[in-house]
Every structure is written in C-alpha cells, then in structure tokens.
Protein chains: 6
Amino acid sequence: MEKIEKTKMNKMNRTLKAEVLIEALPYICKFQDQKIVIKYGGHAMVNEDAKNWIAKDVVLLRFVGLNPVVVHGGGPEINKAMEKMGKEPKFIHGLRVTDEDTLDIVKMVLVGKINGDIVSKLGKYGGKAVGLSGKSGHLIKAKKKIQYVVKENEKVEVDLGRVGEVEEINTELIDILIEKRYIPVISPLGIDNYGNAFNLNADIAAGDIAGAIGAKKLIMITDVDGVMADINDPSTLYKKLTISEVEEMIEKGIITGGMIPKIEACINALNKGVESVHIINGKIPHSVLLEIFTEEGIGTMIVKD
Amino acid sequence: MEKIEKTKMNKMNRTLKAEVLIEALPYICKFQDQKIVIKYGGHAMVNEDAKNWIAKDVVLLRFVGLNPVVVHGGGPEINKAMEKMGKEPKFIHGLRVTDEDTLDIVKMVLVGKINGDIVSKLGKYGGKAVGLSGKSGHLIKAKKKIQYVVKENEKVEVDLGRVGEVEEINTELIDILIEKRYIPVISPLGIDNYGNAFNLNADIAAGDIAGAIGAKKLIMITDVDGVMADINDPSTLYKKLTISEVEEMIEKGIITGGMIPKIEACINALNKGVESVHIINGKIPHSVLLEIFTEEGIGTMIVKD
Amino acid sequence: MEKIEKTKMNKMNRTLKAEVLIEALPYICKFQDQKIVIKYGGHAMVNEDAKNWIAKDVVLLRFVGLNPVVVHGGGPEINKAMEKMGKEPKFIHGLRVTDEDTLDIVKMVLVGKINGDIVSKLGKYGGKAVGLSGKSGHLIKAKKKIQYVVKENEKVEVDLGRVGEVEEINTELIDILIEKRYIPVISPLGIDNYGNAFNLNADIAAGDIAGAIGAKKLIMITDVDGVMADINDPSTLYKKLTISEVEEMIEKGIITGGMIPKIEACINALNKGVESVHIINGKIPHSVLLEIFTEEGIGTMIVKD
Amino acid sequence: MEKIEKTKMNKMNRTLKAEVLIEALPYICKFQDQKIVIKYGGHAMVNEDAKNWIAKDVVLLRFVGLNPVVVHGGGPEINKAMEKMGKEPKFIHGLRVTDEDTLDIVKMVLVGKINGDIVSKLGKYGGKAVGLSGKSGHLIKAKKKIQYVVKENEKVEVDLGRVGEVEEINTELIDILIEKRYIPVISPLGIDNYGNAFNLNADIAAGDIAGAIGAKKLIMITDVDGVMADINDPSTLYKKLTISEVEEMIEKGIITGGMIPKIEACINALNKGVESVHIINGKIPHSVLLEIFTEEGIGTMIVKD
Amino acid sequence: MEKIEKTKMNKMNRTLKAEVLIEALPYICKFQDQKIVIKYGGHAMVNEDAKNWIAKDVVLLRFVGLNPVVVHGGGPEINKAMEKMGKEPKFIHGLRVTDEDTLDIVKMVLVGKINGDIVSKLGKYGGKAVGLSGKSGHLIKAKKKIQYVVKENEKVEVDLGRVGEVEEINTELIDILIEKRYIPVISPLGIDNYGNAFNLNADIAAGDIAGAIGAKKLIMITDVDGVMADINDPSTLYKKLTISEVEEMIEKGIITGGMIPKIEACINALNKGVESVHIINGKIPHSVLLEIFTEEGIGTMIVKD
Amino acid sequence: MEKIEKTKMNKMNRTLKAEVLIEALPYICKFQDQKIVIKYGGHAMVNEDAKNWIAKDVVLLRFVGLNPVVVHGGGPEINKAMEKMGKEPKFIHGLRVTDEDTLDIVKMVLVGKINGDIVSKLGKYGGKAVGLSGKSGHLIKAKKKIQYVVKENEKVEVDLGRVGEVEEINTELIDILIEKRYIPVISPLGIDNYGNAFNLNADIAAGDIAGAIGAKKLIMITDVDGVMADINDPSTLYKKLTISEVEEMIEKGIITGGMIPKIEACINALNKGVESVHIINGKIPHSVLLEIFTEEGIGTMIVKD
C-alpha cells in the first residue's frame, strides 16, 4: 500500500498539464489521418538534444493519428566524411559536384549513417520507423540534372556528375508502410531505369514526395525562425505568406542568399499540391509540435495565392 | 502578411506546452489500441464543466489511439424525473425498486436524455460517438435479479420488479464500432430472450462489459478522490491496492457505506479479466487523462493480488 | 420413433404454403441487397398486434437479403408524456412548438421509449437492430427551421423553438451497420455543429435519409389505405400516381388536410433520389410484406413523372 | 392512374399469404448462413415440373440466407445414352461396371447434360449456379474401388473398372463460390493423382461433400416419402429415426431392397459430421422447402443416436 | 551420404538450363498479372503429346504470375459422337446446323468430355483448373444467330437451329476464380434469359471473353504456323501483321479458305480491346511458351493499325 | 511486315528452351508461396557478373511465386573502407572488433553501399526490392555479445566492442513486404532497447531470420562448392548431409578452418526450424536457380537427422 502526499501546488500543475493536452485536441482532430512530410535538416541533425526533440515530436504525431514521413538531407556530415577520405567537396550553384567516388560517400553517409540514426531515434521513442533510400521499391525515379551556368555572357552546360532530379515518385511502398502505421524515413537518392543512382537536392525531393503522396503539409526544419524582414530581428518574422508575396520579396531583395533555394523548394511543393509549407527553426525545442498544434505556430507558413 | 510579436515569456510557455505533450508519449505508446471502459457517474454528470472535461478527455483518448467505451449511470436525474411525474423513488439495499412505470421513466431518462447528452458532448469535441442501450444488437442479455433481505432473522426474497443482472455481453456490435473508430456510449439496460427490459446496476454492468470486450482498464468516475484511510483527509488516499487488501479494509471497517458496493463492482471487473480498476474523482478537472497519462495517477488503482 | 398421420387436406395445405413462399421469389431476387427505408408511424405504433406484424415483416426483409432501415415518429406518446408532466402541447402549421423542456420530453420519449421498444421487438423476432438518434455518429446534421405564418396579410416569422430541418445526412454509420447485417432504427433528432439538438419532422427526415443512403423505396406506414378519390370509399384507392398527378390532385382539392404534408414528404423523398414511395395502411396485417412482395401491392405508390 | 377493386376475400387471401411468409421466419433465422447439401436424384430429375419446383426451392434457400450445394446423380439418363450408343449397362451390387467407353458416356451425360441442365434451371429462377465436376479444383480426390462378391462361398474381388470411392474432398473451391453467393452444382466424378477419372456413387459422394464442407443438413431427394413401416401405406412413415434405429430396422427386415444403400449413404453422411439427413419425396411439390421450413417436415429425418 | 560425380559437360548443361530460365525473366516481368486467353483447338486437342505440352505451358504461365484462361472448341469429337449416335453433321457457312438432339450431343462432348479432359490434364501438372460452360454464373449471355445465305441472287435467312452469338460476357465468376489463382476452362456454350442454351463459335467466343475480361493477348492454337504468303512454304510466314494488312490480304486472295473465319475472329478480338492476337501451330511443342516468352515468337501476331 | 527465316536448327533450339522451362515446373509448383532466405556473401558480392546472376535468380524466384529474402554480409568492402579512413581491421575468433568509429564504417558500408547496390540490381531486373537494416521496424533486437578467449589456460572475457547477437526477430515488417510482393534485403545490424546498434555475424543472423519467418530453405552463397571430403577435389562433394554427420566430420577433422563457423551457422538455422540449408558456390553462374530448380542440385544440402 502506497499513500501519496498531494499538495495544492501539485494539483494545479497536474491540471495544467491536462489542459495543455486538451488544447491540442482541435488540431489533432483537424489533421487526423493526414500525411505530413517533415524535411529534416540543418543544425537539428547534429545537435543531440534537437535530434531527441524532433524524434519525439514525429513519434507523437504518429500516435495522435497523423501520418508523418521524414525526408532528410546530409550536408555537413558528407563534407566531414569526404575530408576523412581525402576528397575536397566542390559546389556549383549550391549543388554538390558528384563524381562516382563522391556518390559512394554520399550513399554511405546518407543511407548508412544519417538515415539509420533517425530510424534508431524514432524507434527509441516507440515509433515503428523504416529507413528507405529512393532506390527501395523504385521509390524515386530520377534522371541526370542538366545544369547551366553563365560564363562570359553565355549559358554553358556544366557537368555536375551524378546529380539528378526527380522524374517520378512511386508512392506504393510509402502508402503500404503508412497504412501499417510505420514512419518512412527517406534518403534523397534517386535511381534511373538502368540502375544508376543519383544524388538529389533534399528540399526539392521532399516537396516532390509530399506532392506525390498527397501530404497536407511540408515542414522544413531549418536553422532560422522563418522568413524575416530583417534577418537579425526575430520580431520581424512573417507568420504567413503567399507564393506571390515571397516572389515579390525575392525580387525586392528582402529574401536573399541561402533562403532563396529554400523558398524555391517551398514553391515547388505548393505547385505539386501540398496545402501549406512551413519553415521552422530546428533549434527551438519541439518546434514541429508547436507549429502544428498551436494556434499561432512558430515559423513562417507559405501557401498558394 | 501578419507579423508576430514574440516575447521570451511566450516562447517559454510554448516550449513548456510541448514538453507536456511529450511527457504523455510513453503512456500513449503503452496503451496504444487498448480498450478502456469509463464508468461515468456521480457529480460529473450534472456539472456542466465536468461534462466538458470528461468529454474532451474521452475524445482525446480516442485520437491518441486508445479505444474508450463509456458506460453511464443516471441516479439523480431519474429521481428528478420520477418526482416530476409524481412517483416516489424507493430503494432496497441500494437497488431501485422498478415497477413498469418506473422502468419507462428509467429508459426515458437513461437512453433518451443522459445517453444522448453524452453523445452530443463527445460529438461537439470531434469524437464519433454512438449511443447504445443494452438492447441494441442484443448487447446485454439480462435476467431478473433475485434479491434477498434479512427479515426477523430469516432470509426472505424481495421483488425488486424490473431490476436485472447481466447474463451475457454480446460484444460483436461494440467491436464493429471500435474498429471503425467510434466511441460506444452504453446505457445500463438489459434484455431477456422474450424482449423484456431490465434496469441494471451501472457499476456492475461496466465491469461486465469491460471484461467481455477485453478492456485493460476500467475507470470509475466518482465523487471522491479514491479509497482513503480517513475519508476527510485527502492525504490518506491509497494509490494502489489489491483485492485482498480492499477486502481486508472492508472487514476492518476502513471502507464503509456507499464505497462498499463500488469496491464490489471493482472486484467484479477484476474477476472478469480487467487488469486494473481506477477510482477517480470526477470533480478534479481532466481526472481521466491525469489517471491514465501521468506516472503517479490521481486516484486509487485496484489490481488482482 | 414418431409416426405421422398425413391426410390429403394437410398435404394440400403444405403445398399451398410452399407455393406462397415461391411466389415471393421474383421479388426477393429483384430487391436483393437493396436498401428500403420504412417510416414507422401512426396507429401501428400503439397497437400491440401491429407492432408485432411490422417487426416480423422488417426482420423477414433483412433475412431475405434486403436492407431495411426504420425511421420512426412519435406524436401521440409525446403528447401523453407532456400531459403527465403538466405541459400543454402546442402546434403551428402542424409543427410542434418545442421549448427546451419540451425537447427534453421529445428526446426521452422518442429515443428512450419508442426507439428502444422497436429495437426490442425486432430483436425478439431474430433481427439484430441498433437504435440510433440522429446524434450518434453525427448522423443527422440539422439547423433551426425558419417558419413563416401569414398574419394580417403579412408573412411573419414565428419561433418554433428547437424545431429543425435536415442539413446533411452522414451515412457512414448506417452503411457500416447495414454491411454487418444490422437493422438501424433511427429517431428523428438532429444536431448542429455546436451540439444543439433539434426536433425534426419524421416524414421529411425519413425521405432525407432514404435519399442519402440510396434507398430504392420509402414505405410510409400510415393510418389510411393510401391516396383515395373518396376518403370514405376504399374502392377509390389509387394504386400508382406520379408527382405531377398528386400535385394536380392537391390543387383540385382531391388531396386535403393531413394527407398534404404526407404527400409533400413523399415528393421530398423522390426528389432526393428514392425510386418509389409507398403509402400503406399499418392497420392491415403485414402490409409491409404485401406491398413489397406482391404484384398488386396494397397501398398507393408514388413515382417521378 | 390505376384504381383497384378490393374485395374482402382478396384481402383475406393476401393476409394469409403474408402469414405463410412469416411462418418461415424462425426457420430462416435458425438456418441462416448454414450449408445444406441437396442430393438431387430419382424421378425428380426427369419430370419437368419437379425440375422447376426443386430449382425454385434451391434458389429460394440461397436468397433467404442459406448456402445450398447441389450434388446430382444420373442413372436413367446414362442408361438411355448407353443404349443409343449401342452399349448395354451392367451392374454388380448396384454399382455400374464402368469400362473406358462407359466412363466417357457417364462423363458426357453427367457433366455435359444433367449438370448443365440443373445450372440452367437455377439460373432461370435468379440463382447464380456454377457447374463443377469433381475434377475442377481437385475437388474430389478418388481411388479405384475394390469390390468383393461372394462366389461359391468365397469372397472374390471383382473389377468394376473405373468405379471409384472418395479419398478426400478439397473444399477450397466450394468455399470460395459459397462466399460469393454462388450455388455449386457438383457431378459425382473423382480424379486420382495421375489424372484418372472415376465414376462415384452420388449418394455416398453427397455425404462425403456434406461432411467435408461442414453442412448442417443433407437432403436426399428420392422417389419415396421416406422410411415407412409398410411401404404401401404412407401413414406408416417414420418422421424421425436414429442410426441405431435404422440399423435395427435393416436387421429386422423392415428396411429392404433399394432403400438399404440409401440408408447406408445417410449413415455415412452422419458419420462424416452432418447433423441430420432427410429422405424426402421429389414427387411432392416443393418438398425441399417443406422439409426445411415447416415444423412437421415432410419426410424422414435421420440423426445420430 | 551421397557423393556426386560432376563432369565439366554436366556443369555446362546445367548453366545453360539456368540461362534459359533467366532469358524468360523480362517476359515474365512484362506480362506479370496480365490475363491471357488461350483458344485451344485443332490437332492439339486430339494428340496426346500436344495435350501434355499445352497443359504444361498453361500451368507454367499461371505459376510465373500470368493469368491464363482457356477457351476450347470441339469440332472433330462432336462429329465422331454424332456418327456414333447415328446423326449426320450438317454445316452452313462453316456453322454447324444444330437441332435439339445435336445440341445435346454438343453439350455432352464439349462440357462432359473435352472440358473435363483439359481440366484433368491441367490438374495433373499442378494447376488448379475449373471447368465452366457458358451457363455457369450466367457467364455467356447469348441469343439466336440470324444467318443469311445468298440463294438465287437473294439474301435469304436460314435457320441454323440452336446456334447463337454472344450478347454479353458476365466476367464476375472468371474474375473471382482468377483472383484465387484458378485457371478457368470455358466451353463455348451460351444461354439466353429463358434458360435456352446455344452452340457458339469458339474462336469468336474466345475473342469476346478476352475483350470482356481485359486480356492482353489472345493465343489461337491452330494447325498451321500462322499467316503465310505461300501456305506450302513455312519460310513465308508473316511474323507481325496489322488489321488493315490482313484485310488487304483477304481482298487480294492471299488469305483464303478456312483461314478467313480465323482471321475474322482475330479482328473481332482486337476490336473488343485485346492488344494482340497470336496464331500459333499447336503441333510445335510448347508453342504457347515460345510465342509468349521469346523475342521472335513462333507464329503470326496481329495487332491494331 | 517482317518475315522470319526458320531453320530446323533454330526450331530445335527453341523447343529445347521450352523444355528447360517446363522442367522447372514441378519445383515451382512444390515451392509455391514458400519463403527462402538467401545469405549473400563472398566473392559473388564483388564480381560484377556474379552480382547480375544472383540478382536475376532472386528476381526470377519472386516471379515464379516463391518469396525470397536476401541477407547480406560485407567483409572485404568494410576492410577496404577502413583502410581508406586509416583504420586497421582487427579480428578475434573471426569476429571483427568493433569500436564506435568502426561501427560507423560498418553501417555506412553495409547499409549505405552494399545493401543499396543489391536493391538497385534487383530493381534493374524487374524486382521490387526494399533495403532494410535491422533497425527498421525494430527488425532485429540484439544485445552485446559476450566473447571468451582462452588465455594461459583460463577462459577470459574479451570486449569485442559493438558486436552483438540476435535476441529476437520482429517479423511484422518482413511479412508485410512479402505479402505485397517486395523482396526484403537485410543488413545484419541489430539494435537494443536503448537505440544502440550492433554489428552481427551475417550467417547467424540469416539463420535467425529464416527461422523466425518460417522459411523453408536457407541458401548460403559461398566461395566453395559445398562440403567436400577433399577440398581440392570437386568430385568429393557431399550432396546431402545431416546435422550429426557434419558434427562428426568436424570432430574427425574432415571439415576444418573457415568452413566450421559456416557449418555452425547452418546448424543454427536448422535448429531455428528451417527445413534445409544449402551451401552453394557463388562463382557458378545461376547457382541459386540450379540448387532450387534441379533434381540433383549443385551444392551441399544439410538437414536435420
């Protein structure tokens, strides 16, 4: 027989906890059975605390009836592995030039290390996760990406090696896994009809997958709070924007630098049929839950006009 | 374009909220897909706030993957209706003497009013609830209860009229509804093979149903915090007891009065195969969630030896 | 060892019985797997013999492969209950003015008494019936009915209280039950998004339900043989009429009084997609079977032009 | 607009019809979803009226929720065909001596003619029938029957040619068809592992099939009313007998001649697990329905002790 | 312990065997889950070796994931049976004049003999085959064929008796059997709404069935290698032709005689939606496999323009 | 229009091809729907031709109705990668000492490179393959392996680092994929309850998986022909051995060296319930097909006594 000491304080806390759970109810109800793609990237992939936050958030989404699908990138880890193996990373227009050796390293790091780590973390918190490269079940059919650069005022094709772009997403395998309540964790590798693998841009691939499986939302985990009027002033965060607004902001130079390809990936996802794309900061604890389950959200939501 | 003001305070609160959601994760994971019967009764049935708490709690249980089944009683409302119709309630050994007219009133109040109100409340918060009397789908097969009283040192049979006891629970209909994610709300009325209806004790019926459907837990919503050494001192609450402990406490006179039949109903449920029965206080906001989703719980849990 | 005496007479009778069963074969074949809504009302709800006839008929329909759905009204019983509770029924344009107290009585009588009695009767004859109010599974979404009366040559809105009209039928729950071979028995109560209940006209609701679930037929059980040229002469019964014919008959004053709203409910059902509506007399034994399984039928069938 | 003349007489008749349908209700309810094997043979296979009765009866059984399976014989037609082809039928112990040519004729008549005719008739009255020989889907695995005769006081083996006995029934195909609401019509032909076909005794095969599929009843359509104390006096019909009673009756010489193998086939079926076997007279119109759907039945029912 | 002697030769042979299996892989992959109708006719129906080849080929198709459906004819055997029964076969325009007696013989031979033999053979090699006449499950709805002949320069209708043409194919039964991995074997008999059977042209019926079930290919097993420029010179075989090419060849007199109705049946199949029709020679061992699983095929393939 | 030249030679070849396909029929029939685990290792993992043979063989198994599951090892490639990264491989008792860095390399090579390559190859030949590490779906639950060495006559525990052994196989995910006709390709990595990964012996893991999923056969692809009396004389190959025979051969020193742990893995598989384990030579083209689809097989089969 155990007795318990109940103080008034304790009672209040408990009730508060329950209230918080209940506050999530309308959101849980609203997003029931819907697919949500989470593009996992940036700082949150290397910080142990952030890894745990995000894994817990994703597992919770699954348990409360949503169907999360994780797509991850891998930038810094690939560079680290290349250096270890004595290769120097090289980029053109933000795309990694990928020779055969580099592709091997990309595959090993993305699929062999990062993907497995995410799967382990999700498993640790009770989720049934399945790691997939784009090769499994012909998931991502890709082709070589033709890239042009402007050189002496002329548009010239450059060879990026084994860099590809998505031709078609074969959703059968994802659908089977989701139906059986698994969480697919996808590495951005594509394959062509001859069995050749290609390195893909994870942001774009996440949007292609989100569109193909009919996801409601695409959550982009980044290292910034969202789109801000002044990048140094968090109070200037835009909560909600439309495609034409962000396009105007790019034109006007408000959105610049590394945020531009991110925004282009968001627009790609919206064009593929996703209802809203959310740029959130992976450094904020549980930012995924906060974005989905609170009224005001935490980052920038972009929608169609 | 909407901008948001983010204060540090606000940020903290949000993170705290997320932490609370995440704290529930292991419990959600543990009870996934399990059936939980909630016996709804007492003060919580007449207080509007409590009605809302409990409805929200039950709907949340459903959304996070548990399968709640609600069984309700109806005491005070039946008395009120009887008085309105000029009939005086009469009890023997805590059981309502039920003539044909009284049975009509019982049916009207239980099924026509209370059951419907619970279904409406659950629906309001996003749950798909279905009201069932024990008659639907031959759900509760009952027979007339034979009751004895001691009169002048002799055991004498008394006629309680249309008061019955459960003979068999037909779980097919409940299983169909649960599988399709509905929340069954059951009035404690039974029926015999000739189509005669019987008034049943809701606590006992809840245990019979919980056992028949293979429920993991039976939550008894009452007007007290649980089993206490001193009924006036909440600090004497017992957190966990076994059947033999409560039986000893009844013998020793620690458990007395109205708590005795409640405890007997708990023992009935455990004997029917339920793993644990929980006596909780419906006056505490969200006591259902707190009992299921927190380490320490909030009431008294009774288990087999 | 039992021997049997077989007389020629006996033999003939038996063969005759078999012939009757066989005569139903083409109708059973024709209506196989089709949904048929039976609006149960009038005298047949209070006469014990009629209750038994109709219950047997409905159960037989189920066993021979049709999918009956029962929708019931409750007029006289509600008045009786109101009187017992000292309230005076009040009607405007045939619609019951329904204050909160009246709504409580309506709910108690419809759901708590009448619906349960029908479910019991069907169960007694081997049917698996499930009682549903319009609240269960968000079955009937309703809104407040705006009613106008003409007062001093002006159209004036009158407040009927909690009288509603159907906005939408959510057929999921009915479909699940039918697929599992249950007979749904529905009380005409609706609910709005805020959880407010409304009293509905049972004839109209039956047509709305029949249309929504794709029923082939709506059988209206009434206290008259059907539409007659001379209400006092059964030989003037019309066997088959079209919408435009009944509309003309109303205009010409052949159809009058209480039959007019009945006919309007029939037209509503046909407009919602039901193929034929049948007005039959509940006082004739087994009128439901006779209408469905005999060539000539027994009442008046109304179809589209 | 059609009016109808309703006379009192007419009304009575109609009600009577409905009463007959309703009388079948408890039987329909009791036998719901159960499998019933009908061994179709004798006079009823050559008389056009009887063919129609029986086809209608079987189709009705299907529509009211039972699962009939038809097994047919073919005696007289095979003899007729053999004569046409200039072959003389030859029997030993009631078993047709079957050389290869005879087997060809048996197959052609049983499968090509009789089976097809039954399927057509059932189809004509709305049933979905499928003709099967024992070869389809490895339905009946058979082996050569070893038959002995007593010759000059010695038991001598005789070669019956391609006469077989059932080794195993493969119920998969029957179960698939029943589940999809087809009526299997089976010719008594078996096949061994080498693809050799065998002619089987239809009565015995019907019992083997009934046992293998878990049929409740086996109905034997014959040319007599059942088992009678005096074969010339229908009033001496036994309504119900047990295995030990019929065995005693054979011993005592009450059951004689062609009835003996029939009774042995009945006992075989009961030993294979069938609950009751019914010997009925195919010359009585709708004897199948009468046996199943009336209290007193029409023939002799044999059950285990 | 068994040791094995392995010679180099032996090793080579084995590897060669494996290579052959592997060569079939792309075809197996390409035709996976597709339906293929095999019209079985001609010499291959009477030669024991050919029967075995074809049965093995069809069973192999099933095991490697294709869904074969066999439709057979029966010409020579029917004539033989008619002669045995003293009837003389009579043809008009290649169609058998079919009186009632002839129809009986046709049914007996097609369904009772040929169909059963094919089912047995398929079973012998491990296939689960089900024999079906067009009557089972209302499979082939037919009507009397109206045939005209030119007599003294006038088109005159002639009565062919019970010769029919397909009105509608009811694919439900075939689909059920295919889904459960059975091989349907269909006799070309049709039935009208009144239960009358009709004798059908097997080539045409095979095309109708192939079209109705959505078959990819129709394989016509004949006694010639395919369409040849010079019927006596196999080297003039056409490998692939279009509808307009064969139509031109008929016009020009290159295709003549018995090949013309065969070609018309092919065109019928293509018009019903079949992708390609293949005329192959049943005398060549395993011609079915060779046509489907080798690059160059073995007969003549006809496709739409 | 294409004509073809058909020489007699050509015809013979074609027929021969068909005969080979047909020879496989009884094996295809026998192993239909059975699960077969293929442990892929040794030389066959680095030779491009062998990779293609094996991929084609596995895909063919899938298409002819078997359910192959591939488990692969990775020895030589891991060493190569370690060297590239400047780490020296270290082994104790044939087990790789696995520190954290080495584990990272193992994961990257096994999952990121080898597994992905196998999946690509299978995909190239038409198979739907899914790469799985033991982490996905909690597939392989493992724990740290406690290893002892004998040092100065004492049994001493040595720390192998992150080397584990299988505790439990969770077959749900494999079963789902097989049912949907995918080919699972599994890397031998396990995970404990805290999310720690472990390097596993692939041969043992393959046996554990084969046993858990109820596989009929485990095919071990090695670099030798099987178990031989004289390792240099292929003619001394044992075709079939039992557990007690191989145990005796180990004792007697006939089986020595690297073959011993291989044989122990075979015995493990048999003890886990696999019916037969087959040691085959991956250097022989299509050895997988030859072992399964030919009478004499190609390697050594080991079965229970």
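The backbone N, Cα and C atoms fix where each Cβ goes, glycine too.
What TrEMBL lists as domain 'Aspartate/glutamate/uridylate kinase' is D:35-281. Each residue in the domain 'Aspartate/glutamate/uridylate kinase' (D:35-281) has a pLDDT score, and their mean in this model is 92.
Contacts of D:K39 (site 'Transition state stabilizer') defined by a Cβ separation under 8 A and a same-chain sequence distance of 6+ are given as D:V71, D:H72, D:G73, D:A202, D:D203, D:A206, D:L218, D:I219, D:M220, D:I221, in order along the sequence. For D:K39 (among others), the entry in TrEMBL reads site 'Transition state stabilizer'.
Taken from TrEMBL, the feature substrate binding site covers D:G74, D:G75, D:R96, D:N199. Here D:G75 (substrate binding site) comes close to D:G41: these same-chain residues lie at least six apart in sequence, with C-beta atoms under 8 angstroms from its C-beta.
For D:K262 (among others), the entry in TrEMBL reads site 'Transition state stabilizer'. Every protein chain considered, the tally of other Cβ atoms within 10 Å of the Cβ of D:K262 (site 'Transition state stabilizer') stands at 19.
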*Relative to the Cβ position of D:N199 (substrate binding site), how many further Cβ atoms are located within 10 Å?*
26
*Determine, for the substrate site, the additional residues of the same chain whose CB lies within 8 Å of the mean position of the CB atoms of D:G74, D:G75, D:R96, D:N199; present them in sequence order.*
D:G73, D:I78, D:V106, D:L110, D:A202
*asked:* Using a Cβ cut-off under 8 Å and a sequence separation of 6 or more, which residues in the same chain sit near D:G74 (substrate binding site)?
replied: D:M45, D:V106, D:V109, D:L110, D:I114, D:S187, D:A202
*Using a 10 Å cut-off, grab the number of neighbouring Cβ atoms around the Cβ of D:R96 (substrate binding site), all chains included.*
21
*asked:* Taking only the residues the record lists as binding substrate, namely D:G74, D:G75, D:R96, D:N199, what is the largest Cα to Cα distance between any two of them, in Å to the nearest whole number?
replied: 12
*In DSSP terms, helix, strand or coil for D:K262 (site 'Transition state stabilizer')?*
helix
*asked:* Roughly how many Å lie between the Cα atoms of D:K262 (site 'Transition state stabilizer') and D:R96 (substrate binding site), rounded to a whole value?
replied: 16
*Taking DSSP three-state, what's D:G75 (substrate binding site) in: helix, strand or coil?*
helix
*If H, G and I count as helix, E and B as strand, and all else as coil, what does DSSP give for D:K39 (site 'Transition state stabilizer')?*
strand
